[in-house]
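Take a look at the structure below.
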Amino acid sequence: MQLETQDALYVALELAIAALSVAGNVLVCAAVGTSSALQTPTNYFLVSLAAADVAVGLFAIPFAITISLGFCTDFHSCLFLACFVLVLTQSSIFSLLAVAVDRYLAILVPLRYKSLVTGTRARGVIAVLWVLAFGIGLTPFLGWNSKDSATANCTEPRDGTTNESCCLVKCLFENVVPMSYMVYFNFFGCVLPPLLIMLAIYIKIFLVACRQLQRTELMDHSRTTLQREIHAAKSLAMIVGIFALCWLPVHAINCVTLFQPAQAKDKPKWAMNTAILLSHANSVVNPIVYAYRNRDFRETFHKIISRYVLCQTDVKSGNGQSGAQPVLSMGL
């Protein structure tokens, strides 16, 4: 009974996270789509991040709930359910990395930034990073999976034959995706290096920006612009930090499972469920950060919610002017 209650609580929390993730990130996409002030290359990368978070709510979380229940299905169907969230995670990491590089260029070469980073180039980068994310996330389909061990203990074949490709396996993540892939390839190879690169980039951004601010010959306009860039970098660094805090626990558990299998056998189910919930909750956080840190996003969110959710026809922006467009800013 305790397990059933725990599973019910897990499913309820996952569904709540899914609903909030979809609502918040659809709002982000709508804000960028409707506000010319928000249509910048930086925000295109944030839309890519939001799209991944919408997919987490619509697909990855339902898949995770399905896997947590351990139903029986054929091996490759289960493998797809398990790998889909890896695609979205990798896309999020690449989008965050692209934003970090974008902000680095804005600080390092401000005079050439607009010619280097255009909307067309940003959309091209987004297309490439999604292709890479699918390639990395679906790598287990190339053979790095647990098919041999999973099918060795499968239930009776679906068609009544002894063909192992038709047999049913208990669909649990660890039954189909080996921890060696999750730790060595996914975490050490595809998650940790980009996070460390982003850490180095943001440290460099703040060092360069602080040196420039200390220059007494800076014009007031240049100083104001630089301060806006620093504010944007702080907001984006906050998003990266929250991403790391939300995802590192589940990767830490994976490392323990691989390197200390004896101890991992006794790991409580609630610990893994909590780590998974925390990783999924990351998809809810970003719209809150945007609203808190950026006036353009905050005002556009207010206008969209007032007009399309509350059905108010006379929508006033944060400056009290009816229908006023958000003031253009340098970013978050």
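Note that Cβ sites are derived from N, Cα and C of the backbone, with glycine treated the same way.
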Checking Swiss-Prot: are Thr42 and Ile205 on the same side of the membrane? yes
Adenosine binding in Swiss-Prot involves Asn254, Ser279, His280; of Glu174, Glu229, the partner in that site is Glu174
If you consult Swiss-Prot, the disulfide counterpart of Cys171 among Cys78, Cys83, Cys255 turns out to be Cys78
Listed stretches 79-101, 179-203, 236-259 vs the transmembrane segment (122-144), most Cβ pairs under 8 Å: range 79-101
Should one count Cβ atoms within 10 Å of each candidate's Cβ, the recorded positions Cys78, Cys311 would be headed by Cys78
Of all C-alpha pairs drawn from the adenosine-binding set Glu174, Asn254, Ser279, His280, the farthest apart lie at a distance in Å of 18
Please work out whether the transmembrane segment (79-101) lies in contact with the transmembrane segment (9-33), by counting C-beta pairs under 8 angstroms that are 6 or more apart in sequence and asking whether there are at least 3. no
For the topological domain 'Extracellular' (260-267), the averaged pLDDT of the predicted model is 82
